[in-house]
Amino acid sequence: MRFIFDRNTWQEIYGSISKNKVRTVITVVGVLWGIFIYIALSGAAKGMDNGFESMFESIARNSMFVWGQNTSMPNEGYKTGRQMQLKLDDVVMIENRIPEVEFIAPRNVRGFFGSPPANIGRKNKTGSYSLFGDYPAFTKIAPKKIYDGGRFINDEDIDQARKVAVIGERTQKELFDKDENPIGGYFKIDNVYFQVVGVHKYDPSGGFGGDGDIFIPFSTFRKLYNTGDNVGWFSIAAYDNVDVIKVEENIKNLLKNIHHVHPDDDRAFGSFNLGEQFNKIVGFADGITFLSLIVGIATILAGVIGIGNILLISVKERTKELGVRRALGATPAEVRNQIVLESVFLTVIAGIMGIILGALALAGISSATQDIDFPYTNPTVPIPYVIGALAIMVVLGTLIGLIPAQRAVSIKPIDALREE
Amino acid sequence: MIEIKDLHKSYKMGSNSLHVLKGLNFSIAEGELVAIMGSSGSGKSTLLNILGMLDEADSGSYVLDGVPIKNLNETKAAKYRNRFLGFIFQSFNLINYKSAMENVALPLYYQKVPRKEREEKALKYLAQVGLKEWATHLPNELSGGQKQRVAIARALAAEPKVLMADEPTGALDSKTSYEVMDLIQKINDEGNTILVVTHEEDIAHMCKRIVHLKDGVIVEDKKVEQVRAAQYVK
């Protein structure tokens, strides 16, 4: 191995590869292109992966929503088309019967699904916003960042049906002065005074919720709008390691049972399974990553084979030179090492250049997609992938270099010298 | 220095074989300047290749400086060539992307001589063939005679026991041929053993002994009065 660190070896290699610059450049471009494709593709795939991840960052990945619709089958004497209404009692049933459910948050809303938005006012300022009636468990399912000094709704708020609210950034801007601390401040919701306990931070990457949403305790919402035990929908988070599709099915079956719905009636309850969607998207992103890996490696392989091919031709061209070297005392091992090292050197140089170019391309794409709404964040190629690619190139470069090297050695010096 | 006994060599050409060397015997002492003559097909190049360890004899013995040369693998042959022999070729065989000095230093590279020392030695031998100022030039910037002189310097650089020249003047005009022979004679004057393969009478007579090959046997082996090439130069 000593010869690798020998300056003389590298001088010989430099001499022979700088001899034919066009050949060297073409060789390098082949592999460079391969590694460039590999880096750019897998980086882009990773960027998409990251983009999807950040889209779902603000909500538990194995969460789902369930709401009531109209029945489509008659059952137990009820006629078809009956409006389903979720009730607070359902929560207890679900918690008791379905152990896979980690959190369940019943929710009500104004300003969505056809209901009018809440009218907000403070001093001479007014506005209409979406208003949610929530339990503290909701933040376990869809975490809300609350600005310093504030908090989300807690259990005591629920118990005492306190008139407290968590407002959004936009609401804060519109209702309060710039240097005014909103925490503790009062404002009106549909003519009832509420005290602000927190301001939630708007997360633009999260697909749900706006910067003006107002959250108040579920119990307060119930009193304010006289909703009784009615629940708009459930936000439910299952434990991490369970099959979310199965849990969704179980919940709906349980609800059908409670609400006297025919077991085969699939229209009575609507649901949206984020976990399932998320798994699909993750699967898609994984597929893209896998594809880019295959394409990248295939391209690298093609590039390396190109190097082997060109070296083979160059060995043919250099038959005489190699013969002279052998006549002057180069051992077959020395000749072989030189050719293999040339191959590895070209491969690695090309690889490093390809990696740099690929990284530049990724940076370019990244800054180009910065401001547009496209799930693409922080496109990176993990260092192990890069090192892996380089290692693959060294191995392939060595293997492919062995072919021309063996050929160079197999020519007897006497034949090499005779060749004109 | 060189001793061969009953050397045989034949080449297979399809079904029939061609007997090229048919039992050669001769020896060369240290300091000799021997011409091996013969027409093409006489076996002189084959003999030189065997002596140069580029090829192996079928039978017979070959002893070089007391070392029996037989059953060499390529690695060993390469080491012996590097240590014992200096080659001068008809077509010079310089490496065209290396400067004159780098070409001369090449055998020293394979002797693992450190770089500095290699360059010093290369310059010294270039000076000896009168091309010191041309050290940084590439072969294609040199004339034929200059190229052959670089090749001679390269053969000398390894400080071999025997110099082997295969038609060293074959690609040169007669004036440059004499210059090259003059150089070879001078090197021989310093005590180096030199073997010259040639088919030119005048070149052969510039050696001290002529071995005449014909159809694979030695037909004549005589000492001759050496013609100094210097008288033809300038």
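Every residue gets a Cβ built from N, Cα and C, even glycine.
Taken from TrEMBL as is:
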- A:21-41: transmembrane segment (TRANSMEM)
- A:24-253: domain 'MacB-like periplasmic core' (DOMAIN)
- A:290-315: transmembrane segment (TRANSMEM)
- A:294-413: domain 'ABC3 transporter permease C-terminal' (DOMAIN)
- A:344-365: transmembrane segment (TRANSMEM)
- A:385-403: transmembrane segment (TRANSMEM)
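Here the transmembrane segment (A:344-365) has long-range neighbours at 13, 17, 24, 27-40, 43-44, 47, 303-304, 307, 376, 379-381, 386, 389-390, 393-394, 396-398, 401, meaning same-chain residues at least 6 beyond its ends whose C-beta is under 8 angstroms from one of its own. Long-range contacts of the transmembrane segment (A:385-403) within the same chain: residues 31, 35, 38-39, 42, 296-297, 300-301, 304-305, 307-308, 311-312, 336, 339-344, 346-348, 350-352, 355, each at least 6 residues beyond the stretch ends and with a Cβ under 8 Å from a Cβ of the stretch.
Per-residue confidence over the domain 'ABC3 transporter permease C-terminal' (A:294-413) averages out at a pLDDT of 82. In the domain 'ABC3 transporter permease C-terminal' (A:294-413), the DSSP tally of helix, strand and coil residues is 99 helix, 0 strand, 21 coil.
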